[in-house]
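These come from TrEMBL:
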{"type": "BINDING", "residues": "H182, H265, E344", "note": "Fe cation binding site"}
{"type": "DOMAIN", "residues": "22-152", "note": "domain 'VOC'"}
{"type": "DOMAIN", "residues": "179-333", "note": "domain 'VOC'"}
Amino acid sequence: METAVANASNVTGQQDFLPLNGTDYVEFYVGNAKQAAHYYKTAFGFQSVAYAGPETGVKDRASYVLVQNKLRFVLTTSLVPDSEVARHVAKHGDGVKVLALWVDDARSAFEETVKRGAEPFLEPVVEKDEFGEVVRSGIRTYGDTVHLFIERKNYNGPFLPGYKEWKTVYNPTETGLQYVDHCVGNVGWNEMNTWVSFYERTMGFKNLISFDDSDISTEYSALMSKVMSNGNGRVKFPINEPAEGKKKSQIEEYLDFYGGPGVQHVAIATNNIIETVSELQARGVEFLTVPGSYYDTVLDRVGKIDEDIAPLRKLGILIDRDDEGYLLQIFTKPIQDRPTVFFEIIQRKGAQSFGKGNFKALFEAIEREQALRGNL
Ligand code: TYF
Ligand code: FE
């Protein structure tokens with residue numbers, strides 16, 4: 001079936017063989033999905049939407065679906081000692097298993113990527129219930145992470161067939177989180193270019209920006225990063241690899257604790273970062289902090305901005321500028337005991353870049369935490 005997005009051309013004017021409408025959902029495999037769901041509702045303001053588990057006929061796992069604006073998270077836990085979910089959690093701790101992509105044709109997405117060399121994870125499968133039908137398929141990416149392709153144009157249920165609507169009495173207010181801006185993967189030593197080629201070759205992504213260690217070395221930590229984007233720019237996947245530095249790279253610390261490559265951070269967009277971060281901090285979300293001196297000189301670097309500097313300084317929000325505008329960003333501390341996955345909150349005011357001007361201050365903040373853990 002033809003749609004506007006299926007006809008979209010990429011920047012070189014060629015037909016996009018993998019048209020993506022955006023991120024469909026991010027699925028975390030966790031040790032205790034019931035408690036994780038409470039945390040995402042209470043601390044981040046997600047709303048209860050759907051549930052699958054023993055009550056819906058799924059015997060080996062429980063999954064909670066949470067939504068805030070265009071952002072959808074799924075929290076899944078194993079109910080049995082030995083399962084794909086249990087093994088993932090035992091190896092990686094809580095982490096991201098699935099970066100699901102919303103497509104108009106999940107069969108074509110599978111065929112086009114697999115014929116270009118992607119490793120199959122899920123052969124196309126059609127699932128139906130009283131709300132219609134969904135086609136899903138999937139391929140593997142770095143580590144144990146996978147991309148699922150979700151075709152839901154003939155479906156109007158709460159999430160996917162097999163899930164039932166989940167209504168709760170406890171519904172904390174939203175915090176202004178809007179959608180997934182980008183999802184970053186950490187891969188092993190010298191593996192960045194392998195995964196850059198994977199996204200180019202099998203998914204038709206383009207390398208938007210590259211950062212080498214001269215951009216991002218601090219005194220100790222070092223890494224390299226390339227940002228991959230799909231044709232319409234709705235899906236952006238930066239890939240980091242560790243680089244040799246004076247001490248242990250933050251990427252190496254992640255790889256040690258995650259047990260290999262995986263998702264490092266999910267960046268979530270907001271339309272008002274001051275309101276969003278004030279609310280998140282009031283609800284107990286912990287963020288990295290930079291020295292007060294950052295704010296003494298930041299306006300010399302970024303020029304005039306719409307916001308007052310005082311609340312940005314109080315909240316610890318970072319600012320950067322490029323040719324197209326500026327951006328405001330802040331990073332949480334890791335959201336589980338292992339120093340692995342964290343979130344970025346970002347508000348773009350024209351800028352389509354990733355905050356290169358903040359790398360030094362940010363990485364020094366990460367290293368202070370690394371040192372407290374004894375991992376620097
Ligand atoms: O996504 C990015 O590129 C920025 C900066 O370990 C960044 O958010 C890069 C690497 C990293 C933490 C943040
Ligand atoms: Fe980021």
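Any Cβ shown, glycine's included, is placed from N, Cα and C.
A TrEMBL annotation is a machine prediction, not a hand-curated record.
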In the domain 'VOC' (22-152), how many residues does DSSP put in helix, strand and coil? 34 helix, 64 strand, 33 coil
For the Fe cation site given as H182, H265, E344, which other residues of the same chain have their Cβ within 8 Å of the site's Cβ centre? D181, C183, V184, P238, Q264, V266, A267, I268, F331, F343, I346
Using all protein chains in view, find how many other C-beta atoms are within 10 Å of the C-beta of H265 (Fe cation binding site). 23
Under a three-state reading of DSSP, tell me whether H265 (Fe cation binding site) is helix, strand or coil. strand
Across the whole of the domain 'VOC' (179-333), what does the mean pLDDT come to? Round it, please. 95
The correct three-state DSSP answer for H182 (Fe cation binding site) is strand
Would you count the other C-beta atoms found within 10 angstroms of the C-beta of H182 (Fe cation binding site) for me? 20
Under 8 Å between C-beta atoms and at least six apart in sequence, can you list the same-chain neighbours of E344 (Fe cation binding site), or say none if there are none? D181, H265, V266, A267, I268, Q329, I330, F331, T332
